[in-house]
Amino acid sequence: MTAQPLLDVQDLTVEFTTRRGIVKAVQHVNISVAKGETLAIVGESGSGKSVTSYAVMRILDRAGKIAEGSVMFSGIDVKAATENQMRDLRGREVSMIFQNPRAALNPIRKVGDQIEDVLRTHVQQAQVADHGEKAIEALEQVKIARPRERYHAYPFELSGGMCQRVVIALALACNPQLLIADEPTTGLDVTTQKAVMDLIVELTKRRAMSTILITHDLGLAAAYCDRVVVMEKGRVVETAKAADIFANPQHPYTKRLMRATPRLGVSLRDLLPEEEGTAVVAGLDPAIHHTSQDSSQSMDPRVSPIGVKFVLECWNHT
Amino acid sequence: MLTMIGKRLMFAIPSLIGVVIVTFLLTRALPGDPAAYFAGPAATKEAVEQIRKKLGLDKPLIEQFFRYTNDLAHGDFGNSLTTGQPVATEIRNRLPASAELTLLGLIVSIAIAIPLGVLAATRPGSWIDHLCRVTTTAGVSLPVFFTGLVLVYVFYFRLGWSPAPLGRLDVFYSAPPTVTGFYLIDTLLARDVEAFRSALSQLILPATTLAIFSLAPIARMTRASMLAVLASEFVRTARASGLSPATVIVTYAFRNAMLPVITTLSMVFSFLLGANVLVEKVFAWPGIGSYAVEALISSDFAPVQGFVLTMAVMYVLLNLVIDILYGVIDPRVRLEG
């Protein structure tokens, strides 16, 4: 790690004002990404991974705000920056790839035009001869065959994997320093998933870009990232090198998360009761802890209903 | 595109045939005997019979129907019994008056409602959002004849800003030579600025009445649809790419939000055609709405049938325009067409 990280998130707390009061989606999170580093943020849904990344780009919903802490991106204080400064950063210095690529693209605009919109916003006319040509180039870089024709395609005319390539082209069009990939492979079939991940890694490595990969898939994080941050209920519970965390997970939640990951040779039924076993998890409400729901699930007296719920959520996810 | 238009027109033929049959039967089923009506209260039974025979009303229903459709095929809508004029001519003369009024009302309404809805959606909770809510609630709860009467009372009777609600032009001006039938356009073509001003001042109140009526659904739909689109994932992508708020709102959000708004527009336009009947009555507007009402009261079949048929054709054309607009905005529709 270099002395000056590209992205430095310190003590970040994000709050959402809802009808039922203030919800702290992310609490006291510390994350740093060095230049050229690939970081994974792993956690189940609702753990605050996406909210953290939205806070970094300051694209939280109207109801959400950075309540505490600081986000420094290559010397710029994201919390204090003006909206104009932020707009200049987004797409040019920090880009984002979203899950569900088809929904992430404007359904009634040609994909080429959408890439061109980004180029037009960030690249001056003087620097490039033709934004259209540059957009075609961007499509070519994400290995879309016949980019000149595909420029005129609408998202509904492309497959899911193809749409995700377009989204990647869109995100990388201006050569940003940091790419945030928010569950980039969710909703794609397995073979496409690998192709998309390989493409992201290849392109970001070639440009010496930093990447944050947000995922619930530990396998994905292990295969592609240098470091892993594990989040649970809005807090970071463990940060470690990817190799270390899988060889020797420290936090009980990480261990459970690893055991909840489906692997070859392990049926889903076997995954279920293995989940539990550890009692105290940071941020766990002790009140829920004692209300047993279905103790017949396991003979192990230490099993907590939280564990059962946790598994169910994981199931919904995969 | 042309094949799509042709196809849609083909689809319209069965519904038009249906309209012809239904209006024919409906007018026959209405209470009231036109022969008795025209013979007058003092007429003898023989006189009524004679008129009935003359009108062809003594023939069996099926024969009457075939005579009617045969005439229609020759462009003959029959004659009005009250005015003695051919229905086709009268409708041709009166339709532009109604169309001018309706279109102006709709344009005014769109010009206010769409910006209002967009602003309300982009600034939820602001004063403009509240203004939008109040206007739309007021708009739906006020019936057109009431708004019309209030406007006449305030702006003509009390303030004296508007001319008397007595038709399309002040009596001092003569109607411009007919080119389009729209006085606003025809007076300008005739370079008659004074008459143009008069026509416009006559139009303002009834058009406003229609606009207030149609404002609510359009503004409401624009707001709701903008809110939905602004929360969608591709708008987030656009924001995350650093696009300017103008690009995000216009190119990304607004164009997508327009699709349901256009559907609403077509519905509102059909409501307006109906609401016209009342507004024309209040403002003594010589349109087809008031023509149809008068004919209906006097059991005058031919104008009523002509009116309903004209409306049906207009609905068909309107839906065609909407379909084309949809195709222009949404490439997915273009593919199906």
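In case you wondered, yes, glycine gets a Cβ from its N, Cα and C as well.
Curation plays no part in TrEMBL annotations; they are all automatic predictions.
Taken from TrEMBL, the feature domain 'ABC transmembrane type-1' covers B:95-326.
Proximity of distant same-chain residues to the transmembrane segment (B:101-122), defined by a Cβ-Cβ separation under 8 Å and at least 6 residues beyond the stretch ends, is recorded for 128-129, 131-133, 135, 184, 203, 206-216, 218-224, 226-227, 230, 249, 254, 257, 261, 265, 268-269, 272-273, 276, 279-280, 285, 287. Per TrEMBL, the feature transmembrane segment maps to B:101-122 (among others).
The annotation transmembrane segment is assigned in TrEMBL to B:134-156 (among others).
Among the features that TrEMBL reports, transmembrane segment is placed at B:199-219 (among others).
Distant neighbours of the transmembrane segment (B:257-279): 98, 101-102, 105-106, 109-110, 114, 117-118, 121, 143-145, 148, 206, 209-210, 213-214, 217-218, 221-222, 224-226, 228-229, 285, 287, 289-290, 292-293, 311, 314-315, 318-319, 322, 325-326, 329-330; these residues of the same chain sit at least 6 beyond its ends, with a Cβ under 8 Å from one of its Cβ atoms. Look at TrEMBL and you will find B:257-279 (among others) tagged as transmembrane segment.
Taken from TrEMBL, the feature transmembrane segment applies to B:307-329 (among others).
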Taking residues 6+ outside the transmembrane segment (B:307-329), which of them lie with a CB under 8 Å of any CB in it?
1, 4-5, 8-9, 12, 15-16, 19-20, 23, 72, 77, 91, 95, 255, 258-259, 262-263, 265-266, 269-270, 273, 288, 291-292, 295, 337
Beyond the flanks of the transmembrane segment (B:199-219) by at least 6 residues, Cβ under 8 Å:
100-102, 104-106, 108-110, 112-114, 116-117, 120, 132, 135-140, 142, 144, 147-148, 151-152, 155-156, 162-163, 165, 167-170, 173, 183-184, 187, 261, 264-265, 267-268, 271-272, 275-276, 279-280, 282-283, 285
Same-chain residues near the transmembrane segment (B:134-156), Cβ under 8 Å, at least 6 residues beyond its ends:
116, 162-165, 205-206, 208-210, 212-217, 219-220, 275, 278-279, 281-283
